[in-house]
Amino acid sequence: YDVFLLICQAWCCPWSRCCGMGDFRPRTVWLGHPEKREQRYPRNVINNQKYNFFTFLPGVLFNQFKYFFNLYFLLLACSQFVEELRLGALYTYWVPLGLVLIITIMREAIEEIRCYLRDKEVNSQIYSKLSTRGTVKVKSSGIQVGDLIIVEKNQRVPADMIFLRTSERNGSCFLRTDQLDGETDWKLRLPVACTQRLPTAGDLLQIRSYVYAEEPNIDIHNFIGTFTREDGDPPVNESLSIENTLWASTVIASGTVVGVVIYTGKELRSVMNTSNPRHKVGLFDLEVNCLTKILFGALVVVSLVMVALQHFAGRWYLQIFRFLLLFSHIVPISLRVNLDMGKMVFSWMIKKDSKIPGTVVRASTIPEQLGRISYLLTDKTGTLTQNEMVFRRLHLGTVAYGMDSMDEVQSHVFSAYTQPTHDLPASRAPAATKVRKTISSRVHEAVKAIALVHNVTPVYESNGVTDQAEAEQHYEDTCRVYQASSPDEVSLVQWTESVGLTLVGRDQSSMQLRTPTGQILNFTILQIFPFTYESKRMGIIVRDESTGEITFYMKGADVVMSGIVQYNDWLEEECGNMAREGLRVLVVSKKSLTEEQYQDFEARYVQAKLSVHDRSLKVATVIESLEMEMELLCLTGVEDQLQTDVRPTLEILRNAGIKVWMLTGDKLETATCTAKNAHLITRNQDIHIFRPVTTRGEAHLELNAFRRKHDCALVISGDSLEVCLKYYEYEFMELACQCPAVVCCRCTPTQKAQIVRLLQERTGKLTCAVGDGGNDVSMIQEADCGVGVEGKEGKQASLAADFSVTQFKHLGRLLMVHGRNSYKRSAALSQFVIHRSLCISTMQAVFSSVFYFASVPLYQGFLIIGYSTIYTMFPVFSLVLDKDVKSEVAMLYPELYKDLLKGRPLSFKTFLIWVLISIYQGSIIMYGALLLFESEFVHIVAISFTSLILTELLMVALTIQTWHWLMIVAELLSLASYVASLVFLHEFIDIYFITTVSFLWKVTVITLVSCLPLYILKYLRRRFSPPNYSKLTS
């Protein structure tokens, strides 16, 4: 056993290293000295290919033949090399199989070549490297850990680096990270202070310094490391965090930067975050798979019956194999190819639809899923809303200012900077002035706080008249744009500008505000505590240069701020009121610090930041020592407006029988208000707001209270949801699934994915997830259909989704028109391909039974190949253009979509009907040919085969509901190609016989008997039991 374990370890170790599962370790990286490395690091090569030159063919063939049916057809074809099993020419089995494989190999090869060219382009990009020989050019693939790389503005960062120097005067740079985290807003990055102070970039090679970096990991939002300069006097130690990093795949947005490479190749953060999403297999494909298994069972049964009727005489086991080969057409080899080509056509139609411009199909294997969605799970911010923030409300506790009273705020700010600072003597000052003075100073204090507590940077761009440098020097209003990591922050800074206090400049260590009088206020930034999803707040410590005052400002969500600010009686109530109006609420507070208090804090903060173990915990503890008894200044209310046509789209989805759930990270009141505003919850619907629960008992009581409600929308928070799912998963999901609408607020990304998974498991219905941000990716990948909306939060959700749309309103057409058509067309196409195969198999069965159960093929050589290719392929495939109603009608009557949710277009009932039709037609054609032929066997082949081709073409015409000109071309082309090919088929068909009147009337009679009853039945059904869509089209 020990020997076995050793062998396993010896096999697994190189494999795990090759696959990137090796042991990642922290590292010490010497600046500009890659030769000093302590361990081997991977090459800096991006490789997204599935195969290489040697593994391509074996890999593709293995992936094809690991499925039972492809393997089955391969075994059939191989059996023809055995003389006793051979039924005809080898090509009758190898050509169809070869055709399927060639199409697959070509498709895979094209994808691999595209992938290789994309990778080659990235790996061949040229960068400048600092070396002892000066600046040298190096390819991206030649970069090593320890190299000093220069990256220009608008250039991609080639490897994970620590930021050492920048050419920007303000000592910082901006990064575009949309290809890494999906966020379109620029990120501010800071160089290592010690290296930024060096006179030139070349001096980096003259100092003895190294970076200690943590082991490579998947977290793109955090980093722990230290920078050490040994030859300094004294030696310099600096802590490194996420602010000092330049991750690969980001783009430098300002200046030229120099960085030292710390991770390469498969250890890059971007590569480690590229997970392979689950391969989605459509429900339709699984159903077709199930039907083909039934057909395979039928094939085995028919073969056994044939041998049994021979009383298992002689070498009966060989006869079973011969019959399996003879009836192999029961399982149609062309089914998979037809369906795959159909999916490609449906995807192309979606892309080309001018009514939904910009729609991209990234998963062309599942368009039918769009036609059977029962649950739609949507994000709120940026999906239902525009993620365009508009400042609506400033609340000071005793007074609130709305959009109509912003001029009052403006006058208060103006008076704060124009009135002399000395007060009137108390005896002469009227009481009203005193009150107004305090209100005025409170408004000014609140506006000043909002103008300072943020991460916004004003960026100046040339506007054609003024160049960039001049605009920056004079703070030119027309050239200024604000950059921040959140649209909320930009809207707040734009509002302070509108009321008179303008943010005009900012760098790493200072901020400049301009007052209404044009005076510039200078503030030194002492510390910044950025916003995180865990802390839900951000803080800043600034020193006013004119007075020397040190102030700690903080803003954040009410849930965390209520425990930080001094006691008051209005915060909770007003936050609730503003949230009910659909506003996003932030609480702003401040605390004045003495110089001694700040120095004490700074010492403890620097010490905490230098620790390598539990750094984040120690830093949080130090910051929390400041966050006590802060003065509450104001509440801000920002509105996120609804996207266009969200209400009618949700109405369409509801009428189509789709239940919509909204999963958002926003607070309960805002989420509820948006749900009402978007008519997700209708006006006459009751709402049950699930009370916060923390224990099993509370959850039990609340679920019982909810059970007594009927036809009522549910609103629940993420914390309560977690408790319910922990103790009462089945009961909660059962009740929630009965609700007309569900709103889950304060949801984490993993909770969103968990809800999707539970819906799939509990209901067995198809789910569709719609989102626009990086936090929606897990939900999108978990759902049966993931739809990404390209929005303000970037393209991460859109790139991870199966379908990408530019607006939420396009979802209605995507489902009602394209989803419905794709599903109905695929159902018709698959059943018709099965019918085509069963027809010829029935004829073979009749032929064999008449001729003493002989295992002799009825049609040989080219006839059998031509039947499923050039003679019938185009008309059958033209069914992908069929439609029962116009797209306008499908949008006007979404109730038509509801019919598809029951899966009626492809069910055991419809399959059985097509089987019976096939048996009827196959029997009529074969018995008709046997009855009407006169002398030679070759006449049977001519009559039956021609009748079969005509029957198939007429059946396509019978199935079509709306004719397209390409369908008519396909029918005529197929008929013409059959007639033309008769000249070359003299080996199988008597050319002189087919020109006689006898042949023509016999074929006509047989074809009429096989098709006319079905036409009559179709007419009667349309007359007395018409389907829903026919009532609308008439």
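Positions of Cβ are set from backbone N, Cα and C atoms, glycine also.
Because the structure is a prediction, the values reported are computed rather than measured.
The transmembrane segment annotation in TrEMBL covers 53-75 (among others).
Taken from TrEMBL, the feature transmembrane segment covers 87-106 (among others).
Marked as domain 'P-type ATPase A' by TrEMBL: 133-267.
Tertiary proximity for the transmembrane segment (286-310) is limited to same-chain residues at least six positions away from its ends with a CB under 8 Å from its CB atoms, namely 69, 72, 316, 319-320, 323-324, 326-328, 330-332, 335, 339, 830, 834, 837-838, 841, 845, 848-849, 853, 855, 903, 906, 911. The feature transmembrane segment is assigned by TrEMBL to 286-310 (among others).
Only residues 6 or more beyond the boundaries of the transmembrane segment (316-339), in the same chain, are considered here, and those with a CB under 8 A from a CB of the stretch are 69, 72-73, 76, 79-80, 84-85, 87, 96-97, 99-100, 103, 285, 288, 292, 295-296, 298-300, 302-304, 306-307, 310, 826, 829-830, 833-834, 836-838, 840-841, 844-845, 848, 855, 857, 864, 868-869, 873, 876-877. The transmembrane segment annotation in TrEMBL covers 316-339 (among others).
Residues within less than 8 Å, Cβ to Cβ, of Asp379 (active site, 4-aspartylphosphate intermediate) and separated from it by at least 6 positions along the same chain comprise Met662, Leu663, Thr664, Lys752, Val770, Gly771, Asp772, Gly773, Asn775, Asp776, Met779. According to TrEMBL, the feature active site, 4-aspartylphosphate intermediate maps to Asp379.
Listed in sequence order, Met389, Asp488, Gly637, Val638, Glu639, Asp640, Asp666, Thr670 are the same-chain residues six or more apart from Arg584 (ATP binding site) with CB atoms under 8 A from its CB. Residues or ranges marked as ATP binding site by TrEMBL: Asp379, Lys380, Thr381, Glu489, Phe531, Lys555, Arg584, Thr664, Gly665, Asp666, Arg746, Lys752, Asn775, Asp776.
According to TrEMBL, the feature transmembrane segment maps to 833-853 (among others).
Look at TrEMBL and you will find 859-881 (among others) tagged as transmembrane segment.
Summarising the annotation, TrEMBL assigns transmembrane segment to 911-931 (among others). Packing against the transmembrane segment (911-931) from elsewhere in the chain are residues 291, 294, 831-832, 834-835, 838-843, 845-847, 850, 940, 943-944, 947-948, 951, 955, 1002, 1005-1006, 1009-1011, 1014: each is 6 or more residues past its ends and has a CB under 8 Å from a CB in it.
The transmembrane segment annotation in TrEMBL covers 937-958 (among others). Under 8 Å from some Cβ of the transmembrane segment (937-958) lie the Cβ atoms of residues 832, 835-836, 839-840, 843, 858-859, 863, 867, 871-872, 875-876, 878-879, 921, 925-926, 928-930, 967, 971, 974-975, 978, 988-990, 993-994, 999, 1002-1003, 1006-1007, 1010-1011, 1014-1015, 1018, all in the same chain and six or more residues away from its ends.
Among the features that TrEMBL reports, transmembrane segment is placed at 965-985 (among others).
Here TrEMBL flags 991-1017 (among others) as transmembrane segment.
If one looks beyond the transmembrane segment (965-985) by at least 6 residues along the same chain, the residues whose Cβ comes under 8 Å of a Cβ in the stretch are 862-863, 866, 870-875, 877-878, 881-882, 946, 949, 953, 956-957, 991, 994.
Here Arg746 (ATP binding site) comes close to Gly665, Asp666, Lys667, Leu668, Ser717, Gly718, Asp719: these same-chain residues lie at least six apart in sequence, with C-beta atoms under 8 angstroms from its C-beta. Remote same-chain residues near the transmembrane segment (859-881) are listed as 88-89, 91-92, 95-96, 99, 329, 332-334, 338, 341-342, 345-346, 825, 828-829, 832-833, 836-837, 840, 941, 945, 948-949, 952-953, 956, 959-960, 964, 966-967, 970-971, 973-974, 977-978, 981, 985, 987-988 (criterion: CB distance under 8 Å, separation of at least six residues from the stretch ends).
The most densely surrounded of the binding-site residues Thr381, Asn775 is Thr381 (count of other Cβ atoms within 10 A of its Cβ). For the transmembrane segment (53-75), the list of distant contacts is 93, 96-97, 100-101, 104-105, 108-109, 112, 292, 296, 328, 331, 333, 336: same-chain residues at least six beyond its ends, Cβ to Cβ under 8 Å. When the record's ATP-binding residues Asp379, Lys380, Thr381, Glu489, Phe531, Lys555, Arg584, Thr664, Gly665, Asp666, Arg746, Lys752, Asn775, Asp776 are compared pairwise by CA position, the greatest distance found is 27 Å. Same-chain residues lying 6 or more positions outside the transmembrane segment (87-106) and placing a CB less than 8 Å from one of its CB atoms are 57, 60-61, 64, 70, 73-74, 76-77, 80-81, 322, 325-326, 333-334, 336-337, 855, 857, 860-861, 864-865, 868-869. Sorting each residue of the domain 'P-type ATPase A' (133-267) by its DSSP state yields 22 helix, 52 strand, 61 coil.
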